[in-house]
Amino acid sequence: MHRSRIPKYSKVKASVTGWLFATTLVAEKLRVSILGALISITVAEVCAYKLLKQNVKAGELPPYITDLLIMLLGLLEAGVSPFVGCFGYKWRRAVMMTSCLVAGAVSFLWFALPDVNVPESVGYCHGNNTLTAFEAGPRTPIRLSIILFTFIVFGATRLLLWCHGIAYIDEHAPSRLAMHYGVLSALRMLGLVMSYNVLTELLETNMTAQTLIIGIGLLVNALQVYLNVPKVAPEIEDPAKGPTDDLSETSPFVPKVPGSDKRGLRASVVRVFFNTLAMSQMVAMGLMAAALWGFAYHQSDYLKTKFYLHVERNSPMNNAEILRNHAVVLAVAYMGVKFTPPIMEHVVKTQVLAHVAKMCVFTLVLHALIAFVVSCERGEVAGLGERYVQPQCSRACGCAPQWQEFSPVCVVDQMTTFLSPCHAGCTGTEEVGGLRVYSNCTCASLSRRAVSGSCNSNACNGALQLHHVLFALLLSVTALAFQGQGVVILRAADVRDKPTALGLTGAIVAIFTFVCGHLIFLGVTVGSCIWWEGGRCHLQSSKYPYLISGISAAMVLFSFIITLTTVVYMKVAERRTKAEPTINLSDEAEC
């Protein structure tokens with residue numbers, strides 16, 4: 001009788017191991033792992049910000065604490081980014097996996113957060129509209145310590161994944177760098193811009209689900225890194241420098257510096273610092289990031305000042321928003337294909353920089369369109385002049401905003417917009433014909449009722465939708481600029497210095513965006529305020545949207561000048577190199 005052969009244990013083990021654990025690096029799989037972790041961390045950072053804001057709304061922390069924290073964390077990130085970039089160079093797989101595990105475990109600390117009593121944002125006449133006195137509760141230090149600790153851990157994890165993940169992909173799949181860097185930077189940017197609105201309802205109503213999604217997601221990402229990244233690093237596709245380009249590495253932009261043959265933090269930082277091409281694009285990227293951050297972070301104040309619309313919401317994205325954000329990813333993917341073989345056999349730095357300069361020009365045009373073309377007739381607003389003054393008809397109501405008083409209502413009797421139910425003298429709500437309206441309004445002489453929204457909200461809603469479309473285009477061209485700048489920085493850096501170059505880029509972006517840029521925009525926000533009450537600004541002047549757009553455009557203009565100057569200088573250097581006569585040493589010897 002024929003005996004069936006049973007496979008040996010060693011062969012079965014080898015087959016299962018080869019099926020589960022990667023033996024060769026597939027850049028797309030590693031990108032998916034890093035992308036998932038970056039999205040989870042970005043969402044977690046926004047969650048931590050909103051948790052801190054809950055304490056501000058409850059009156060346990062001063063209103064300026066969020067801006068102060070953004071700048072302090074920006075300084076911290078700028079200080080540690082170069083060290084993080086150089087840390088763990090030989091143990092990248094373990095560093096990326098461990099950082100995801102630690103961040104996932106730390107996120108579960110949110111279950112220990114003490115509850116906070118967040119008051120209603122808008123009150124009524126003679127109702128719950130008394131000003132909350134600033135008073136830290138006994139559990140506020142515990143809650144604040146947990147939030148700050150998670151902020152720091154999430155930031156360190158993001159830096160480790162960004163620096164080592166992109167450098168690892170570039171070293172072993174350099175021909176697809178534009179695609180990988182573009183997708184990662186675009187999704188990080190979209191997550192930072194969109195998460196605040198997406199998480200509004202989820203965070204306020206179901207913190208348990210939110211924590212589980214973030215924590216389990218990061219643990220899954222750690223497992224993906226463990227399975228998709230081989231234990232033994234594969235050979236680098238080009239161990240010297242990666243793909244060649246139009247200028248040799250001995251160009252004036254990559255000078256020889258002391259210690260150029262050494263490896264280590266100090267030597268790596270010196271090489272990157274004296275790399276003029278890389279440093280110039282870091283500064284240009286920092287200016288572009290500061291312009292986008294300032295414009296996006298102040299969107300709520302920008303829109304309510306320009307259209308008198310209350311734009312904060314309590315629901316996730318709608319289909320139109322999803323479609324608009326897909327345009328950003330599609331644009332980045334298209335340019336990623338254009339900058340890779342067979343369309344572009346090698347990365348030509350001057351061509352990539354010319355593309356970045358074009359994106360800067362498009363960004364300037366979009367800022368001009370958003371500021372001057374998108375507009376609507378806002379109608380009459382009670383009490384509004386150079387400074388806002390509460391209308392006489394509601395001064396007996398004792399309106400003192402707890403958190404955010406701006407919530408415009410329309411008194412149809414006079415077709416006049418009032419900036420809040422309390423400032424219209426309304427004492428509550430009632431349902432009339434299936435429509436919820438504000439009732440007993442002292443400023444409505446006939447019907448005693450008011451409806452939610454400004455009187456010209458229908459006219460301004462169309463302008464608001466156009467603003468969203470142009471803003472999506474602004475995100476797209478900015479993402480394309482980041483894509484080109486990141487490719488040039490990595491191509492200008494030595495293969496040993498890629499993580500350090502990414503770390504220094506993160507440091508410069510943090511300084512320009514979250515420290516200097518945020519301080520400038522904050523100064524404009526406070527300086528243009530026309531309704532200041534309870535330590536908070538509730539409305540800016542009509543000049544505010546133009547100031548925000550103008551400052552953002554000025555930063556983009558400086559970035560454009562830096563990029564254009566770099567392109568011109570590289571072209572001149574290239575022509576000068578071609579014009580220099582070559583010396584034939586063999587002919588000289590014969591003479």
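Just so it is clear, glycine is given a Cβ too, placed from its N, Cα and C backbone atoms.
Residue ranges 94-112, 322-340 are listed, and TrEMBL annotates 322-340 among them as transmembrane segment. Counted over residue pairs 6 or more apart, the CB atoms of the transmembrane segment (546-569) and the transmembrane segment (322-340) come under 8 Å in fewer than three pairs, which marks the two as apart. Take the transmembrane segment (502-526) and the stretches 146-169, 181-199, 322-340, 469-490: counting Cβ pairs under 8 Å, 146-169 has the most. Here the listed stretches are 68-87, 146-169, 272-296, 352-374, 469-490, and the one with the most C-beta pairs under 8 angstroms to the transmembrane segment (322-340) is 469-490.
Here the transmembrane segment (272-296) has Cβ contacts under 8 Å with residues 189, 192-193, 251-255, 257, 302, 349, 353, 356, 360, 363, 367, 474-475, 478, 481-482, 485-486, 488-489, 492-493, 497, 500-501, 504-505, 508-509, 511-514, 516-518, 520-521, 548-549, 551-553, 555-556, 558-559, 562-563, 565-566, 570 of the same chain, all six or more residues outside its ends.
Counting only same-chain residues 6+ beyond the ends of the transmembrane segment (68-87), those with a CB under 8 A from a CB of the stretch are 52, 95, 148, 151-152, 155-156, 159-160, 163-164, 264-265, 268-269, 499-504, 506-508, 510-511, 513-515, 518-519.
Listed as Cβ neighbours of the transmembrane segment (352-374) (distance under 8 Å, sequence separation of 6 or more from its ends, same chain) are residues 281, 284, 288, 291, 295, 306, 335, 339, 463, 466-467, 470-471, 473-474, 477-478, 480-481, 484-485, 487-488, 545-546, 549-550, 552-553, 556-557, 559-560, 563-564, 566-567, 570.
According to DSSP, the secondary structure content of the domain 'Kazal-like' (387-442) in residues is 6 helix, 16 strand, 34 coil.
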